[in-house]
Amino acid sequence: MDMETLLQYEWNSMWPEFTILLTAVALSLIDLFMNKKKDRSLLIWLALAGIAVAIVCLVLQFDDGVVSILNETYRLDSFAKAFKFLMLIGTGFVLLLGVPDESTSVRGEYIYLILTALLGGMMMASSADLITLFVGLELLSLSSYVLVGIRKTNPLANEAAFKYVVNGGIATAITLFGMSYLYGLTGETNIYEIQGLMGSDVVTDNRFLAVFAFLMIVVGLAFKITAAPFHMWAPDVYQGAETPVTAFLSVVSKIAGFAIMLRLLMVPFVFAPGTGEIITPDGISYETLLVSVRPYLVLLAIVTILVGNVIALRQLNAKRLFAYSSIAHAGYLLVPLAALSELVFEAVWFYLTAYLLMNIGAFAVIHVMSAEEEVTVASFAGLFKRAPYLTIAMSIYLLSLAGIPLTAGFIGKFEIFMSALGTEPKRYLLVTAMLAGTVLSYVYYFGLFVQMYFRPSKRQTPVTISNGVTAVLAITAAGTVLLGVFPSIALTFIHDHFQFLEIFNP
Amino acid sequence: MNESFLLTILILSPLLGIVLLSVMPGNHRFINYMGVLGTVLPLVLTLIVFSLFDRTVSGVQFVEYRQWFELMTSISPNEPYTVAYDLGVTGLSVLFLMLASLITFLASLTALRLKESAKGFYILFLLLELGLLGVFVSENLFLFFLFFEITLVSMFLLVGKWGGFNREKAAFSFMIYNGIGSILLLIVIIVLFVEMKTTNITELTMLLKETDSLEFLSGDTRTWLFVLLLIAFGIKLPIVPFHTWMVRVHVEAPIAVVMIHAGVLLKIGAYGLLRFGVGFFPQQLKDMAVVLAILGVINLLYGAFIALVQTELRSVLAYSSISHMGIVLLGVASFNTAGLQGAVFQTISHGLIAALLFLLVGVIVDRFHTTKLEELGGVASQAPLFAGFLLAAGLASLGLPGMSGFISEFLAFLGLFESMPVIGSVGILGLILTAVYMLRAVLAVTFGERRPLFDGIRDLTAVEIVPSAILLSIIIWIGVYPAVLSNTLQLARTIGIGG
Amino acid sequence: MDYVFLIPILPLLSFLIILFTKPIYKKAGLVGTTLTGAAFLCSLVVLFSHFAQGNYLVEANWFSIDTVMISVGLEVNPLNALMLVIVTLVSFLVHMYSMGYMANDERYATFFSYLGLFTFSMTGLVLSPNLLQLYMFWELVGVCSFLLVGFYFYKPEARAAAKKAFIMTRIGDVGLLVAIFLLFWQTGSFELDVIFQAAQAGDIAPSLLTLIAILIFVGAVGKSGQFPLHTWLPDAMEGPTPVSALIHAATMVAAGVYLVAVTYPLFSASEVAMTTVAVTGGFTAIFAATIALAETDMKRILAYSTISQLGYMMLALGAAGYTAGVFHLTTHAFFKALLFLAAGSVIHAVHEQNIFKMGGLSKKLPKTAALFLIGSLSISGFPLLAGFFSKDEILATTYGDGRYVLFVIGLLTAFLTALYMFRLYFLVFLGNRSTEAREAPSVMLIPMMVLGVLAVVGGYIQTNWFGTFLGDWLETTPYTIAFVHPEAPFWIPLVASLLAIGGIAVAWLVYGRKTSIEESNERNGLHTLLYRKYYVDELYQGLFVRGSRVVAYFWMYVDRFIIEGGAAAVTYAVKRFGQAGVKLQSGQVQTYSTVAFSGLVVVLLLIAVLGGYF
Amino acid sequence: MTGELLVFIVLFLITITGGLLMLNLTKVIHMMMALVLTFLGIAGFYIMLSAEFVAVVQILIYSGAITIIMLFGIMLTKHTEAEPKTGWAKKGVVFTGIVLFFLIMFKGIRTISLGPQADDLHVNNTEQIGIMLYTDYVIPFELVSVVLLVALVGAVVLAKKDEKDEKEGEQS
Amino acid sequence: MSSVPLSAYLVTALLLFCMGLYGALTKRNAVIVLISIELMLNAVNLNLVAFAKYGVGASIRGQVFSLFTITVAAAEAAVGLAILIALYRNRATVNVDEMNTLKK
């Protein structure tokens, strides 16, 4: 293949990725050559500019149809765009959180590693090929490992990073093991090709291997989205990492995980044979793989919801609390998947949007407070007296996380409930789990209310908030309320711009 | 029908108070008065709605309709699920609306005593009112739920911050039970929404009636939905065994809040049951009427018996509420006009009476610093006016004719005796028990030997007399002239069932 | 006739005026008395215009249950015109009397306001043309009774008595209420005439009709202190004596009898119901009379006497003696009110109620003694006094109805009545024990005198000699009632008179001749049984009060341990799960992966096993 | 028995022995060396599977680079005492889980046959790989460079001593 | 036709994977844990290469995939080791059991 062939591909569909890549590379060079003493906040602004450009590029692509390059190792469809959009915004917030004020500083590596992680996530969302997907996943993971451990003088950070690497490595290995079988059964790495080949006799003969391969792949992704029982790394890592990194892991990384999970669930396996036999006049055929594994997805969702919420009840450390909370939310997000609802894309996307706003907001608050001490639940005591606006913002996030109306979280949860109840038969089991989980979550979310509003504070000093964080707080709080009051903003947005069904067209 | 924004203005009217309060400095002298003023505007507007409400026509009035948002699935984008901003009042809701804004106003008066962080209190208080008003003017399940949750959150904060010794426990208990209830409600709403593609209450009522052929929802599903609805509102009502939270709140919450809680908030349960349970699932209700009636009798007797041996006034009243709500259930279970009308009457009436009783309990707390029955007694000697009101309230509560309680209980049982005379006969024993425990409690406070300890206690002050007198006169008014309720209610039209 | 509404309104006005103008303290009595007097005058006017114009009914819509309009109204028929006069008269007299009796009470005004409320309720009750309205006033009079019994609220006994009065009557009320419900569903109305028409047309199944009648009678039993719901009435004597005269002798307690009379068509349609009424009445009559024999408290003796006399009336009604019952009701109102007022006068004078601690009062209180004697004679059925005629009528009716056992009981009761009344009279007024006492002021004496006159002449409205004026008039009632005119054998009045005189004689032999009798503490078995009122109170205390407390505690423990305990158990379980989760989160990195991998293996195993892989 | 099978068995024994030794030896260095054996055995398999290029890469990277890195890792950290023993309970759980996993998978692949083998893989193996890398897989290939960049940066950032630390170290 | 069946390779790979997993889950030395993960990845590669020869529509893809895997594995090993060294600097231990401060 010569240069001409290469050039004739629609490379311009990759502009967002290119932008991020170029920014990352440029920043690493700048960082390298910049005076070591100099403040790195300039880099953050550059990175933000890069993200802004990427968002603009992405927005310009919104109404394009499906574009795929090079045997679909890169595929730009609405699905990818929708998730990339979220990841870009989330990363923007995370970068803003990292804007240093007078007393703190920021490391240059931190900034461009976040960008490379983002790049990995974007590639994951945009790939229709196991290899691209894997490399994207690894790019995200590796960047994350480093980001977690970047406060290398901090033993907690080191430990968190190490745990992350070990758990992540094992999960990757399991996923890859599954992928290898997937490849073996079809001889292809392109998931649309795989989709077509899944119905073949060879696969039917070895249908259990296909199912196992599927499950092993899911394990690796479940690890990324912190679904129980693959969640256990998360609390430790979240706690050990710097708060903006935690926010990144709990939001952007999870969005990427869900993107890839959805795609892998919906594309390669739709025609795959499952375990159950169906006797038809023409002979024996098999129910589809998705139908066979659906009970286990349901189980996964239920266990995740319950584990997240129940253990969160016992947490004292704020970051760990929110780690479990985010595990529980992953469980909620799994509900539409497990229900195989026709609302699945809308529900997941909207909930992720809401989750992005509220969770980043909550971590922003923790970030503010971690300047003083290791943030525990008790640190919130009397916060209202010390920082009323911060408290109000936090209240909004908490209400949204708890799913109280007039917040984005409620609309999200509403859609998830709809997705579970809109299928035939209705998924009452999932709904019950969500009910139990939501009620349990009231205890710890409102427990924070009790701290913030009812309890006296140990400290009297007002809380200092940097400008970047203020911006994040303002935008996320406003966004949470706005999407709660006028959800049509987001709902018509996705309807107008994203034809999720594109995901099914090869 | 002409669009008017009256209802929107009404539900947003507490916001004015909230805004004004939030710009006032927290230690301002008039902050409490500002709070009270904040509740006046909604009251006035409610009165306007109440008087403009046309009692001669059927259907929903003051309708406002705006499309709010649409949910579209990518698989069938042309069949969106539409959620609307949909207000309106019926004869039923206008009564509850009136109850809500009146009691909120009166309760706000009793909070004038509050010294500590009154600003926050009143802001949340007004937020609570906003929720309450919204619940009763929502013509749409989605909105109903939204406002319902607003009351939940503001109640949680009010109880948790300004309550008694065990306030946080009470607040959590409130949150958990009601949380479960609200999510069950949400599930019902969503199932209806998913199946019917609308959340408009009237529309749903019609649709569910027309599709009795079970085209949309199978009979089983409807039964389940009804059961869920029953639990959801049963927690609120509360139905035994979901009542423990309510006793805690009654005992722990600040008096102004308990007034609202006992007077209005619990009534949402009854409202929901009447509006949705009866409206959406009449057949299921009929099928389960016996179960409902038995639950009602259990509530009635259970509450009454336990109230009989409580040693603390607030607990007595809490269990008394449970007992009285049993009558609401009985009225609903009878499923005829008399019974349903009785259920509505009982709800309203108990709202007023409970508010009055707790207002007076507030006085007790303020003056005597205890609500233990054995530590009180002979109060009639030192505070005859107070004793008189308490006695009147007690008598009203035990269903004295000429007061609202009687006519409500009468109607409810009247209805019940048509459909289930045997259960009615058991339940009616509750009326005797009610007299027993109510007199025991009231007389323990007011009658008895003069206690020198209480000499020099102030009798009711003007700011306490006014709300008490207003409540008592309304109670008597309804008792003497129940048409004031039944004319507005127009039950057959409101709920849509014939006699 | 159109001014009939004034009759309830005037007392209500009295109530309201006094309630809101408590500061005008001393005028309260005057206001009350005047307004009640006016009401009495109105009643008289109504009574006389009824003679002229006949029955009267006015109704207005009250509220609606769906399509059924519930109305309120005023009805005047012979029965309630008569009742109205009795009620307003006694009320007026009691008002007047109270101005003297209560003069020194610091809650003078409150007392009169309660009296006003009571008079309003009682007249309202009497005027009701439908059961719902009747029931409402029925309860209201109960409340007034409760308020007035508990008037001395600082006395624990008064508190207990008030509570008891309310609750016991409420038990009866519930019966009445159920009857009303059943009638409504049978006839679709609360209106008495509609109901009676339905009953006569046979629209109500006979067994159901019997049930309804009995339930109504339960209401009457509660109100009229009939066995077994009689125990509250003696205790109600804790209230001020004028109240006892008004409420617990003349009017409210007679409401039970009145109720049976009002719904008489329902009763007369059911033989079982009639028998129930008659038997209960007869039994109560003798039962209470025997208790009165051993009672030592002056007012309580009168209270048991009231119960007994009410039983008499019930007996009459049950024995198809509509006229007899109403007649006795009327005369009883006069002489019993008189007796109570006179007793009040005594109590007012000596501040003592135990008859064994009194004596020789006829010297100190000659007028009171004379009036009391008149009352006693009248109630004992001394010939030619009011009580004689009415009692005679009852006995004749009972005999005529063929209820011979009850007839004998009636005779026996007549004897006992004379005995206990004169036991009381002799102990209190004769003898030569000297107690400090002063005759009551004229404001108290005048009412007694009026009643004294009526107790003497009241009987002549219905006699076999001068004409059955009352009976004839009652027949103009708008409802069809089977009137019985017993052709009483001539010997009945004779025997009755002899028994009455015999009773007085026995009383004289035992109590009259001795100068001073100390209350003896040695009682034989029968005496103890009577003295302890057949242990009915103790029985109720043990059975119902304790019983309900046991049930209540049972449920309270259920509440505390099972319901709350259940919730706590769930909470605990969740906490333990949480703890287990936290424990598993040991910080050991390989544990995490192990758990994750185990999860995978479990799912693989499940799907392999369930999917038929092996 | 063909020669190919013989070679396979030998390689299999080498590989598995390496693995087992790794699991059972006590000294860290010895474990590493045992693993080198395994890596080499795997490279042998690759050659048998007509993947010469991958085999070479395997030797270079695993037996070479990674092993060296790990050796450095071992050198830089202290390993005076022998590896502490893990509790039997935990080992038991892990072992059971893995055996179950093995059995389940083993049943699936025991008799698997997926059709004809490719027979032209060894022909210009490297070229084929190159062509494929630069046609279909350009994008992941480029992305891998970013991965490596991240790894590089990360390794440097994490492993190098900060100037601050150094100064502190000097002072102390 | 080759005399060594596909399943032989797959079983070998499975064995290696299990050994790697066992090592990663039980070994106490952090370095060994990391290298065990590499062993697991090696097993994956063996699978891929075997499938490339004997799989459905056998092609060179498997080999290419394995090259990616190897590269990434190397990067992961490097990062892992770097983290380990940073950790060692603060904790002076490579025993996995002692890395348990984060748990509550």
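One is the number of the first residue shown, and numbering goes on along the chain from there.
Backbone N, Cα and C define each Cβ position, glycine as well.
Over in TrEMBL, the protein carries these features:
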{"type": "DOMAIN", "residues": "C:62-112", "note": "domain 'NADH-Ubiquinone oxidoreductase (complex I) chain 5 N-terminal'"}
{"type": "DOMAIN", "residues": "C:128-417", "note": "domain 'NADH:quinone oxidoreductase/Mrp antiporter transmembrane'"}
{"type": "TRANSMEM", "residues": "C:37-58", "note": "transmembrane segment"}
{"type": "TRANSMEM", "residues": "C:78-97", "note": "transmembrane segment"}
{"type": "TRANSMEM", "residues": "C:109-128", "note": "transmembrane segment"}
{"type": "TRANSMEM", "residues": "C:204-222", "note": "transmembrane segment"}
{"type": "TRANSMEM", "residues": "C:273-294", "note": "transmembrane segment"}
{"type": "TRANSMEM", "residues": "C:301-327", "note": "transmembrane segment"}
{"type": "TRANSMEM", "residues": "C:333-350", "note": "transmembrane segment"}
{"type": "TRANSMEM", "residues": "C:370-389", "note": "transmembrane segment"}
{"type": "TRANSMEM", "residues": "C:404-430", "note": "transmembrane segment"}
{"type": "TRANSMEM", "residues": "C:442-461", "note": "transmembrane segment"}
{"type": "TRANSMEM", "residues": "C:490-511", "note": "transmembrane segment"}
{"type": "TRANSMEM", "residues": "C:592-613", "note": "transmembrane segment"}
For the transmembrane segment (C:273-294), could you work out the same-chain residues 6 or more beyond its ends whose Cβ comes under 8 Å from its Cβ atoms? 209-210, 213-214, 217, 221, 226-227, 230, 260, 266-267, 301, 304-305, 307-320, 398, 401, 403, 405-406, 409-410, 412-413, 416-417, 419-420, 423, 523, 527, 530-531, 533-534
Long-range CB partners for the transmembrane segment (C:37-58) (under 8 A, at least six residues beyond its ends), listed in sequence order, are 1-8, 10-11, 73-78, 81-82, 84-85, 87-89, 91-92, 95, 119, 123, 129, 473, 476-478
So, does the transmembrane segment (C:592-613) come close enough to the transmembrane segment (C:301-327) to give 3+ Cβ pairs below 8 Å, pairs being at least 6 apart in sequence? no
Can you check how the pLDDT averages out over the domain 'NADH-Ubiquinone oxidoreductase (complex I) chain 5 N-terminal' (C:62-112)? 84
Who are the chain neighbours of the transmembrane segment (C:592-613) in space, where the CB to CB distance is under 8 Å and they lie at least 6 residues beyond its ends? 584
The domain 'NADH-Ubiquinone oxidoreductase (complex I) chain 5 N-terminal' (C:62-112) - residue tally per DSSP class, helix then strand then coil: 29 helix, 13 strand, 9 coil
How about the transmembrane segment (C:490-511) and the transmembrane segment (C:109-128): do they have 3 or more C-beta pairs under 8 A, pairs 6 or more apart in sequence? no
Taking the transmembrane segment (C:78-97) as the reference, which of C:109-128, C:333-350, C:370-389, C:404-430 gives the largest number of Cβ pairs under 8 angstroms? C:109-128
With Cβ-Cβ distances below 8 Å as the criterion, list the same-chain residues six or more beyond the ends of the transmembrane segment (C:333-350) that contact it, or say none. 86, 90, 93-94, 97, 100-101, 240-242, 244-246, 248-251, 254, 298-299, 302, 305-306, 309, 358, 361, 364-365, 368, 371-372, 374-376, 378-379, 385-387, 428, 435-440, 444-445, 447-448, 451-452, 454-455, 458
